[in-house]
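According to Swiss-Prot, the protein has these features:
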- 49, 50, 51, 62, 91, 92, 117, 118, 119, 122, 169: substrate binding site (BINDING)
- 58, 62, 169, 177: Zn(2+) binding site (BINDING)
- 34-189: domain 'SIS' (DOMAIN)
């Protein structure tokens, strides 16, 4: 059992080294996008499925509440939280439309839309990001594996190049925390 624990921690460390080596400039670019958008009255919309839905909620909570600094709240919405909206859209239009319909209703030009997908192929995230681009939003993918089809359609992809979903999720939440830290320091530091 101890060997398995050490192997998992080694795997985690390898992913973090990859994130540090490959994604630092892109993380900075995303922080810049968010500083610009939120500093100019725009909002953040975040979505994902399963564990990525939880990450979307976590991201929005850090933006609306706070990460480390006492500051005013900033506008962010996790498109994963309203069960009435999700089930109404899912029932009437299908699961692939649950985020797209919300983008149609809530997104404005200049907003930032983040799609989180450990596979990079979530159809409901993909469709919503396409619409967000048409609306004039900046689009970001927090992705895994090779980035899948979503990597090709976003303005900035933060792809954690790993096939192990738990390690990808660990990379995603670390990236989210770094972005929140940079954002607060730039806007309020």
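Cβ coordinates are placed from backbone N, Cα and C, and glycine is handled just like the others.
Just so it is clear, the model here is predicted, and its values are computed rather than measured.
Positions of the features from Swiss-Prot, shown on the structure.
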| residue | record | DSSP (3 states) |
| --- | --- | --- |
| 49 | substrate binding site | coil |
| 58 | Zn(2+) binding site | helix |
| 91 | substrate binding site | helix |
| 117 | substrate binding site | strand |
| 169 | substrate binding site | helix |
| 177 | Zn(2+) binding site | helix |
> If one measures from the C-alpha of residue 91 (substrate binding site) to the C-alpha of residue 58 (Zn(2+) binding site), what distance in angstrom results, rounded to a whole number?
Replying inline: 26
> Reported as an integer number of Å, what is the Cα distance between residue 177 (Zn(2+) binding site) and residue 169 (substrate binding site)?
Replying inline: 12
>> Give me the count of other Cβ atoms within 10 A of the Cβ belonging to residue 62 (Zn(2+) binding site).
In response: 20
> Are there residues of the same chain, six or more positions away from residue 119 (substrate binding site), whose CB falls under 8 angstroms from its CB, and which are they?
Replying inline: 143, 144, 145, 148
> Tell me, how many other CB atoms lie within 10 A of the CB of residue 58 (Zn(2+) binding site), whichever protein chain they belong to?
Replying inline: 17
>> Please compute the mean pLDDT of the model over the domain 'SIS' (34-189).
In response: 98
>> Using CB atoms and a 10 A radius, I'd like the single residue among the binding-site residues 49, 91, 117 with the highest neighbour count.
In response: 117
>> I want to check the contact list for residue 169 (substrate binding site): same chain, sequence separation of six or more, C-beta distance under 8 angstroms. What comes out?
In response: 51, 52, 55, 118
>> What whole-number Å value do you get for the CA-CA distance of residue 49 (substrate binding site) and residue 58 (Zn(2+) binding site)?
In response: 13
